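Here the structure comes first, spelled out in structure tokens, and everything after it is commentary.
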Ligand code: GP9
Ligand code: MN
């Protein structure tokens, strides 16, 4: 066109360039995306471009007035999505997925954490929108307004297509099978960009809805065979040892194993637990296996012996599925089952999911007296939570299975002066510093709770199981963690940091430390066997931790796995005795099993396959140990 003025920039081009550059700046400043070579840097740089061209290019088909509006609205929406990602990343060290986006009930409950996470400088994330708005309102001379012809449009989209192929081609050489293996969101974002990643995520989401509709019972055959082949018979000395006893299951918020038997400023971080493990079974190679669903994932894994999903929280995405969780099994065996947690009942969709898990009662926020003076951070302080829970425990029919979920040791690890049993760690990292006093506080709360259980005569009749739900200190804090631990936090060390405490206290049993490599997935069969309940016909992916045949092996949700001698993470094999990288082939024999575990478990969830499983009635307590 003759009236095309190349010296002037169109609003659309301006929008594309601004969004593109902003996205790249955000990649570099707000996310911790590891770049290993110039090709990856190039991919990262160009990856927002094709998406932006396609989406804003739609405006080429509109009249000027509508086009400007479209550009403004689109820029705002894209900026909002990006900003959402940034805030989410600050908290979870991960990128958003569609299922978590719909967890608005969670987001609104973040409360103190959100203010901690937001800053006035965050306005930067909308700077392009503000510039475009000013341009539309002030109409400066350097911006051209015009209609576009068919030729312009064709050329524009051809360029966009070329760029996206170039991007995908480069990504494919860097990362073969990128889209078929999606355990690692960072890898995806790095290669195809946040925006395309969201589209891909939407595709996955609709795929999983379709998967349920299309699934049928025959898919269970392979899975059942796999689970049967991995079944390990229980330890004869312990099977049924706690038959008829109450079970008190305590999920410790954000507690990792490195705090056990450790000190900060010369003071014990967990004095009570350090003593308690001496009279309990203590598992020091026990890993959390959670992903985006955090606490809810740990609950899911522990009670179903299934893995959580790699994206979203099963508590949200598949709360309507058929399960055969520990509470349901115990109901059938004459137990009263309850979960106790002083938070909104809808957080993590618990109120809905607990029904599917078989809980008879959920003691949530309205069951507690929560005031300003007994709350901190996310809500009721742990000491008050346990103290008030005693009344609930007393009213429960016996035997009971009661799950307690603590809260005080939650990011941002806030604590009042009066609850500071130890001083914070001394570094420039506030999160890491404050982590120790809140862990110490929860330790104190546990001590008081056990004392109260003794006073109420509940202690001798109860098996007490305490475990950490997931990490508290994310990889964002590797540098400070390295200072604290006195060793650089390599991917190997980081994987070892995913260990969380597991303590199993059985009345009448002596203390013992068990170093078998294990994970949250193993708890369900362990608990059921202690109570004398057969699990041979269950679809459980874990193994009884006390079984003599239990192998040293556990898989993390990102595909990492740990054996007796090796740690495999980020496609690298490490020797546990040295922490050094070794030949990848050494880890290879276990890789298949790790992959199968996760894939089979995912299949069960996506296809809602347990609805086809006949074993809905587990046998009432049986002595059959085979
Ligand atoms: C919320 C609590 C914390 O009720 O369990 O959840 P998290 O953020 O750790 O998943
Ligand atoms: Mn948690």
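Easy rule for this one: first residue shown is 1, then count along the chain.
Heads up, the Cβ atoms here are built off N, Cα and C, so glycines get one too.
The domain 'Sulfatase N-terminal' annotation in TrEMBL covers 245-533. Positions annotated as transmembrane segment by TrEMBL: 9-27, 42-61, 70-92, 123-143, 155-171.
The transmembrane segment (42-61) shares the most Cβ pairs under 8 Å with 155-171, out of the stretches 9-27, 70-92, 123-143, 155-171. Tertiary proximity for the transmembrane segment (123-143) is limited to same-chain residues at least six positions away from its ends with a CB under 8 Å from its CB atoms, namely 8-11, 14-15, 18-19, 22, 26, 68, 71-72, 75-76, 79, 82-83, 86.
Sequence-remote contacts of a segment are chain residues at least 6 beyond its ends whose Cβ falls under 8 Å from one of its Cβ atoms, and for the transmembrane segment (9-27) they are 33, 44-45, 48-49, 52-53, 56-57, 59-60, 67-68, 71, 74-75, 78-79, 82, 86, 125, 127-128, 131-132, 135-136, 142-146, 193-195. Distant neighbours of the transmembrane segment (70-92): 11-12, 15, 18-19, 22-23, 26, 30-31, 52, 55-56, 58-59, 62, 100-101, 110, 113-114, 117-118, 122, 125-126, 128-129, 132-133, 136, 194-195, 198, 292, 294, 411, 474; these residues of the same chain sit at least 6 beyond its ends, with a Cβ under 8 Å from one of its Cβ atoms.
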